[in-house]
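Positions annotated as transmembrane segment by TrEMBL: 5-22, 34-52, 73-97, 103-125, 132-151, 157-179. What TrEMBL lists as domain 'GGDEF' is 226-359.
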Amino acid sequence: MIDDLIINICVLITFIFFWHQLFRTNRLTFHSPFWIKLIDGLLAGVLGIILMRYSIYVNDITILDLRHVPIAIVAYYGGLIPPIVGAIIITIGRYMIDINFSSHVALFMMLIIAVGTGFIALYVKAVPWKKWLLLLVYAQAIFSIALYIVAPVYSEVISAAILHIVCTLTGGMLAFYFVRYVRRNSELFLKYREYSRLDPLTGLYNVRTFYYYYDKFLRRAREELAPMVLVMLDIDHFKEVNDTYGHMAGDEVLKQLADIMTEEAGPHAKVSRNGGEEFSILYSGQTIKQVEKFSERIRKRVEHTIFTLPHGNKVRITVSIGIANYKSAMEQDHILYNEADQALYRAKDIGRNHIEIEA
């Protein structure tokens, strides 16, 4: 009997690990889309069926296991829909084992557990561990009442019932600790991955990500003949902003400029901060004429924008832009970058606040 419950706990934790590895980037929350809640409910139901496979035999019509724990878990994180879906799947699995009075009671038991845990998760405000303990106690109370109903002589199963309560609380707390541990690690992983791709000041792609897309778009241009255009942008006289108003003001200008570029560059643009006041925009599948229109929109909007600085000061800036497109004769990867860079410096030499295109 004890061995079976230990197996239940091991199966529970192992399944949770693989479950969270598969859905690391689509974690279940109250605000998840319906399809995420549906899938997590289905998985909770599958886990419940697996746990029933390793159930404790009590008598000819009654089995004990931890099938209610995954229902409580998806209720805690997803609200009402996932536990109801999971309960339906578990009930179907229970009827596949046998159809008798006990399975009918199990149907109502699982639905009551699902609805109750869902409402508790949604409306009870408490620290995580207390809220989880409340969910476990509620689910176990319903399970124990169901056992009392189906047991011919309750005194004959009292030892199994007590052991089941102990294992539910022990296994449930272990499972919750493990779920929180895995989710926390996943959050850190995603956060660090995002930090490795983005510029921390502006939120644009950093230079590492720029080169990733640069190489990717070059391969696409060579293999699929997809148009590729690179835009280089530099703030005119940015040093004067820093010298006059300070570096905090300069940082604020960079952030506001990044917002303008993101809004005006088009939906498929890869906007990066390459360092200092230098930015780039990569396009794949866009013609140079289309890109020139996007660039002109950026230039004009920057020219007519009043940038507000941290201490209430206001400043106007302009930008110079260089554009180059990929040509089949470009055998070396750096040629496109060099051409866009040369176009940028021509724009600055002409008098700034200008766009130059490398023919």
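Yeah, the Cβs are placed from backbone N, Cα and C, and that goes for glycine too.
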Does the transmembrane segment (103-125) come close to the transmembrane segment (5-22), meaning at least 3 CB pairs under 8 Å for residues 6 or more apart? no
What else in the chain is close to the transmembrane segment (157-179), if you only count residues 6 or more beyond its ends and a Cβ gap under 8 Å? 1-2, 5, 8-9, 12-13, 16-17, 20, 56, 58-59, 62, 64, 66, 68-69, 72-73, 76, 129, 132-133, 136-137, 139-140, 143-144, 147, 151
Using DSSP, tally how many residues of the domain 'GGDEF' (226-359) sit in helix, strand and coil. 60 helix, 36 strand, 38 coil
Report, as numbers and ranges, which residues of the same chain sit near the transmembrane segment (103-125): CB under 8 Å and 6 or more residues beyond its ends. 30, 67-68, 71-72, 75-84, 86-88, 90-91, 94-95, 97, 131, 134-135, 138-139, 142-143, 145-146, 149-150
